[in-house]
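*Asks:* Shown below is the structure under consideration.
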Amino acid sequence: MIALRQAAYFICLFATVSCGCLTQLYHNIFFRGGDVSAMYTPDAQYCQLMCTFHPRCLLFSFLPENSTSDADKRFGCFLKDSVTGTLPRVSRTGAISGHSLKRCGHQISACHRSIYKGIDMRGVNFNASKVRSAKECQERCTNNIHCQFFTYATKTFFSAEYRNTCLLKRSPQGTPTRIKVLSDVESGFSLKACGNSKIGCRVDIFQHSAFSDVDVAGIIAPDAFVCRTICTYHPSCLFFTFYTNAWKTDSQRNVCFLKTSQSGSPSSPTPQENAISGYSLLTCKQTLPGTEPCHSKIYPQVAFEGEELHVTFVKGVDGCQETCTKMIRCQFFTYSLFPEDCRGEKCKCSLRLSLDGSPTNITYGTQASSGYSLRLCKRGDSRVCTTKRTRIVGGTNASWGEWPWQVSLQVKQRAQSHLCGGSIIGRQWVLTAAHCFDGLLLSNIWRIYGGILNLSEITTETSFSQIKEIIVHPNYKISEGSHDIALIKLEAPLNFTDLQKAICLPSKDDTKPVYTDCWITGWGFTEEKGKIQNTLQKANIPLISNEECQKSYRDYKITKQMICAGYKEGGKDACKGDSGGPLVCQHEETWHLVGITSWGEGCARREQPGVYTKVAEYVDWILEKTQDSHGQPLRK
């Protein structure tokens, strides 16, 4: 099995551009050629983020400060494209290379929380103030409309005049114009993209209205909503004006003008027929239409022009969009319905691209439909949050890939054995129950297995993850059973496959959804005095109110940090060995990690529901603890 997986991986890496999510970072490797852009970034992870959001970038190489004697190339981030999906590899000490995350679903986020000690990220300094910490400086940057990144001089900075000074910065690209090593300073980026800004946002769309002010770019778009998304992800755009296809000036039709101003606000709008204006949504606190970096709408009787990447014949415009999404270089497409372009039920699907990711021209009134690739959608090709559904008593055997976030936590002492379950929530993070680590806090005794169905298939050749750090919730107490939650940081990022993916976290900001399709999974006992099961078990189970649950546990306190599930008559429940595993529920075609298997009286007893840690109550804690990870920050 492991040999087959490795073979598939190398075929994917070297032979095609239509593979799934590749998260590996290659140390001491530099990709030669294919350059489409270059900038300065503080680390390889931020370079990867820049590659992910660049319309042409598939690969990148990063040169840390100690990897080159050329001062102009230190902290250099080189974004690359390739027709074949790969580039020649050159051995270079210290260099780090990797792939765009365009195909990585839930990992696509512009949020980057890390604060870097000992480097000065240079740009245009436009504001200076005294603060007490780098975190406070980052907060000021996040709440300043123009600030993109910052540098904070600590209380031990060599110049007394600048100690505890917070410098807010910006640049045309949104990245530093240079990065220098400097003692006693800390630098980082605005957290606007993390939903942390207090500025607020305006979702108004102003019909027949144009903003003047300063144009920073002009990009072709089919409507004002695509224009708004483009503005949201442009480093300098604060608001926009879009001219429709009926605009009086031919050269400006379907052009999205991205704008800024010194004040941060537009001047008074000018009444203009066939002009539509609005604001960037970067400072919004919640996920709204336009804040996701993709466009799913299909435009009938519209043709998008651009560089021809590939032509194929498919059935239906949805099939054309799916084909475009699967081919990672494809940015947009046109599906022709002209009789001469059809062969039976299949018609011509033209896959296209451009330098900026937008059509070079748009034609209306044609027998065609057009749209964009969904490669940057959070529910994109990796299907992390939309996977078919995917201590279990009364359960049945699961199938391969049905619950790809489920992991087995195993302890290796005299013999190795399954102890708890857990859930993958990020490429370097697993969420489980705190009580799994009672008396077992040494990270080197644990092995974590993902992408497995049968425990008997684990051999000495089976790949596993090691633990870098165990983070138990600070309020967890063994004797009380509350706050039964722990994070595991893995030594190395996981490579997501059809058998191994992450589950989405619930949003603490959303109105409480009514979950009607909930499941528990695990390898635990199928009866109270049973044994660990070989095949992963699953059981469909209803949620019950905390008030109802409290009636069943009069000697215990059911807190708001807990959630209960089970049948009144019993029969299905989690049991020994399922602890730490997931309680997942489907809502609006998305699977969420609603609970963590925690405790209960016996297993599947009548009127004794299972008690689970309520994950929504801990989202802030999870984000706080994962923000300094070297993987993409978790964001919901």
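Using N, Cα and C of the backbone, Cβ positions are placed for all residues, glycine too.
What Swiss-Prot lists as domain 'Apple 1' is 21-104. Per Swiss-Prot, the feature disulfide bond maps to CYS21-CYS104, CYS47-CYS77, CYS51-CYS57, CYS111-CYS194, CYS137-CYS166, CYS201-CYS284, CYS227-CYS256, CYS231-CYS237, CYS294-CYS377, CYS320-CYS349, CYS518-CYS585, CYS575-CYS603 (among others). The feature N-linked glycosylation site is assigned by Swiss-Prot to ASN66, ASN127, ASN361, ASN397, ASN454, ASN495. The feature domain 'Apple 2' is assigned by Swiss-Prot to 111-194. Marked as domain 'Apple 3' by Swiss-Prot: 201-284. The domain 'Apple 4' annotation in Swiss-Prot covers 294-377. Residues or ranges marked as domain 'Peptidase S1' in Swiss-Prot (evidence: sequence analysis): 392-627. What Swiss-Prot lists as active site, charge relay system is HIS435, ASP484, SER579, and the listing cites similarity to another entry.
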*Asks:* Return the count of C-beta atoms lying within 10 angstroms of the C-beta of CYS194 (disulfide bond), excluding that atom itself.
*Replies:* 19
*Asks:* Nearest of the recorded positions to CYS104 (disulfide bond) by CA-CA distance, picking from CYS284, ASN361, ASN454, ASP484?
*Replies:* CYS284
*Asks:* Across the domain 'Apple 2' (111-194), what is the average pLDDT of the model, as a whole number?
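*Replies:* Here the mean pLDDT over the domain 'Apple 2' (111-194) amounts to 97.
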*Asks:* Would you kindly give the Cα-Cα distance separating HIS435 (active site, charge relay system) and CYS227 (disulfide bond), rounded to the nearest Å?
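*Replies:* Pair distance, Cα basis, whole Å: 49 Å.
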*Asks:* Per DSSP, to which secondary structure element type does CYS284 (disulfide bond) belong, with helix, strand and coil as the options?
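*Replies:* In three-state terms, CYS284 (disulfide bond) counts as coil.
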*Asks:* The domain 'Peptidase S1' (392-627) and the domain 'Apple 4' (294-377): do they have three or more Cβ pairs under 8 Å, with pairs 6 or more apart in sequence?
*Replies:* no
*Asks:* Report the nearest neighbour of ASN454 (N-linked glycosylation site) in space among the active-site residues HIS435, ASP484, SER579, comparing Cα positions.
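*Replies:* Of the active-site residues HIS435, ASP484, SER579, SER579 has its Cα closest to that of ASN454 (N-linked glycosylation site).
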*Asks:* Return only the integer: C-alpha distance in Å from CYS231 (disulfide bond) to SER579 (active site, charge relay system).
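*Replies:* Here the two Cα atoms lie 45 Å apart.
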*Asks:* Take the domain 'Apple 1' (21-104) and count its residues per DSSP category (helix H/G/I, strand E/B, coil), listing them in that order.
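*Replies:* Each residue of the domain 'Apple 1' (21-104) counted once, the result is 16 helix, 34 strand, 34 coil.
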*Asks:* Near CYS51 (disulfide bond), how many other Cβ atoms are within 10 Å of its Cβ?
*Replies:* 28
*Asks:* Give the helix, strand or coil assignment DSSP yields for CYS256 (disulfide bond).
*Replies:* strand
*Asks:* Taking HIS435 (active site, charge relay system) as the reference, which of CYS377, CYS518, CYS585 (the disulfide-bonded residues) have a CA within 10 A of its CA?
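*Replies:* The disulfide-bonded residues close to HIS435 (active site, charge relay system) (Cα within 10 Å) - there are none.
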